[in-house]
Amino acid sequence: MPEYRSRTSTAGRNMAGARALWRATGMKDGDFHKPIIAIANSFTQFVPGHVHLKDLGQLVAREIEKVGGVAKEFNTIAVDDGIAMGHDGMLYSLPSREIIADSVEYMANAHCADALVCISNCDKITPGMLMAALRLNIPVVFVSGGPMEAGKTKLSEHKLDLVDAMVIAADESASDEKVAEFERSACPTCGSCSGMFTANSMNCLTEALGLSLPGNGSTLATHADREQLFLRAGRLIVELCHRWYGGEDPTALPRGIATQAAFANAMTLDIAMGGSTNTILHLLAAAQEAEVDFDLTHIDALSRRVPQLCKVAPNTPKYHMEDVHRAGGVYGILGELARGGLLDTGVPTVHSRSLADAIARWDVAVSSDSSVQDFFRAGPAGISTQVAFSQATRWPTLDVDRAEGCIRSVKHAYSAEGGLAVLRGNLAVDGCVVKTAGVDESIHVFEGNARVYESQDAAVAGILADEVKAGDVVVIRYEGPKGGPGMQEMLYPTSYLKSKGLGKQCALLTDGRFSGGTSGLSIGHVSPEAASGGTIGLVEDGDRIRIDIPARRIDLLLDEATLAQRRADADARGWKPRAPRPRKVTSALKAYALLATSADKGAVRNTALLGD
């Protein structure tokens with residue numbers, strides 16, 4: 001049987017010094033034969049999705065101790081993409097994913113932890129911890145902080161979120177008073193932003209991967225029911241330890257759960273729920289850590305056969321995460337996908353022998369368990385707060401209308417093809433991605449003139465100065481993993497296009513990426529990026545660009561001779577922005593850029609460059 005990793009520092013005469021230090025942390029004689037379980041907490045007061053996590057690690061720790069484990073908590077960083085948005089702070093967001101992954105690895109391996117509980121929530125934190133968990137391959141359970149409640153104001157007919165505040169701020173016809181009201185109302189509670197943005201998308205995907213408990217992605221941060229997820233996670237991680245170290249059960253390990261089939265299931269869910277395009281980036285990165293063969297080719301194939309079964313903000317103002325939960329959460333969607341023959345339900349999860357078993361219990365459309373029905377009636381209280389588990393409001397009924405409700409059956413899908421697509425062509429030889437769930441059908445085929453900007457800042461200035469006209473394709477380049485560096489999100493450009501009334505009349509193309517809050521014809525992750533010699537670096541103002549989502553094509557409409565000449569000129573000039581940009585790139589960012597791969601590889605670091 002596998003021996004506890006922690007025995008390296010807790011067993012034998014020569015470890016007296018290490019045990020002395022362990023004792024100084026509170027361990028007693030009877031603790032040295034128990035599993036030492038690391039709790040990676042991402043509490044910070046900078047991020048609303050994490051501001052309520054301070055005491056939750058200790059909540060899990062006490063539960064671990066009750067069932068025979070030793071819990072040791074540590075913290076890692078968390079960047080708020082919304083606060084970092086629109087300035088050089090965004091250069092640090094994606095690289096922070098690697099820092100988070102490394103920090104979890106460092107702590108778990110330096111102290112020989114036997115297992116891991118990951119308390120995450122927002123955009124790069126869940127992916128970073130996921131990468132670390134799959135890299136370490138020790139028993140793990142994910143439990144996130146949960147989504148915030150949607151905002152409400154008498155000045156809007158629909159519920160609000162962060163994007164509404166951004167859009168209204170750029171609307172010159174809106175009064176300062178209206179902007180202030182939206183600002184005060186858009187983010188009323190602690191939790192990850194209330195739509196199907198990157199944070200909530202990733203927390204939902206941990207359910208589909210089998211690494212978190214049902215409800216992890218959709219139970220509100222403020223609701224008392226969420227406390228049970230943390231308590232159950234504490235008990236479950238000790239059970240997983242016993243299954244691995246006591247029984248060598250491979251399905252107690254993350255790589256035994258997050259197999260290729262599980263990654264396909266997670267991507268199927270992502271496509272069906274119209275998740276953030278960032279999830280593609282993060283799943284590709286996680287698959288590499290798990291040593292699973294899963295790339296853009298697999299995602300492209302899935303996108304052609306998986307329908308869209310759920311439509312949530314920013315793709316519609318009608319529904320937010322609280323509505324997804326009322327409709328059955330992730331397992332409501334997984335149940336419909338399973339009945340459509342679109343999932344491998346034989347894969348295990350941390351909490352069930354198989355996904356099929358989990359669906360039978362947790363899908364409200366088929367479950368007769370009254371506790372499950374009650375669980376998914378957990379709803380918002382409409383009270384501004386930063387306190388976790390502070391309310392116990394329940395919807396009077398569930399939304400199980402699979403014809404016209406928030407979650408649809410395959411027969412009544414929002415669209416026959418899902419919410420994400422991979423495009424290829426001479427402008428993106430290695431691929432690019434678009435969230436089709438947020439694109440109006442009238443512009444699924446679009447051709448227009450290029451309006452080229454060498455940075456996000458320049459594009460924002462140009463859009464606000466009315467340089468962009470209806471029919472244009474805005475091209476923002478040298479914002480990829482290497483060229484940015486850091487692959488900035490482009491929420492401000494897309495929000496400002498929307499505020500100018502151009503959301504359905506323009507396209508935006510970039511080697512950067514988009515916030516989960518983005519909608520419209522926004523195409524990101526163009527690979528190769530400009531800094532790596534990608535064709536996007538050859539585009540000039542006025543060039544014609546054709547986008548054909550049904551055909552999965554994106555092309556720069558130039559002859560090969562012209563492209564060859566431009567490429568020769570770029571080789572001679574160097575693949576760098578043609579206009580100066582006031583951007584300070586620190587040594588930390590330079591180190592990331594030196595190793596960064598393109599988006600089609602997950603923007604992970606190419607550590608092969610470091611040698612053996």
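Even glycines carry a Cβ here, placed using N, Cα and C.
The active site, proton acceptor annotation in Swiss-Prot covers SER515 and is backed by sequence analysis. Counting only residues at least six positions away in the same chain, the Cβ atoms of ASP81, GLY82, MET85, PHE197, THR198, SER276, ASN278, GLU489, MET490, LEU491, THR494 sit under 8 Å from the Cβ of SER515 (active site, proton acceptor).
Marked as Mg(2+) binding site by Swiss-Prot: ASP81, ASP123, LYS124, GLU489.
The Cβ of CYS122 ([2Fe-2S] cluster binding site) lies under 8 Å from the Cβ of SER42, VAL47, GLY49, HIS50, ALA78, VAL79, ASP80, ASP81, SER192, THR198, ALA199, each on the same chain and at least six residues away in sequence. DSSP assigns CYS122 ([2Fe-2S] cluster binding site) to coil, not to a helix or a strand. Here Swiss-Prot flags CYS122, CYS193 as [2Fe-2S] cluster binding site, drawing on sequence analysis.
Annotation comment: Swiss-Prot describes LYS124 as N6-carboxylysine. Within the same chain, the residues at least 6 positions away from LYS124 (Mg(2+) binding site) whose Cβ sits under 8 Å from its Cβ are ALA78, VAL79, ASP81, SER93, LEU94, SER96, ARG97, ILE100, listed in sequence order.
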Note to self: Given a 10 Å Cβ-Cβ cut-off, pick out the one of the binding-site residues ASP81, ASP123 that has the most other Cβ atoms nearby.
What the structure shows: ASP123
Notebook entry, point to check: Under a three-state reduction of DSSP output, how is GLU489 (Mg(2+) binding site) classified: helix, strand, or coil?
Noted result: strand
Notebook entry, point to check: Expressed to the nearest Å, what is the distance separating ASP123 (Mg(2+) binding site) and CYS193 ([2Fe-2S] cluster binding site) at their Cα atoms?
Noted result: 10
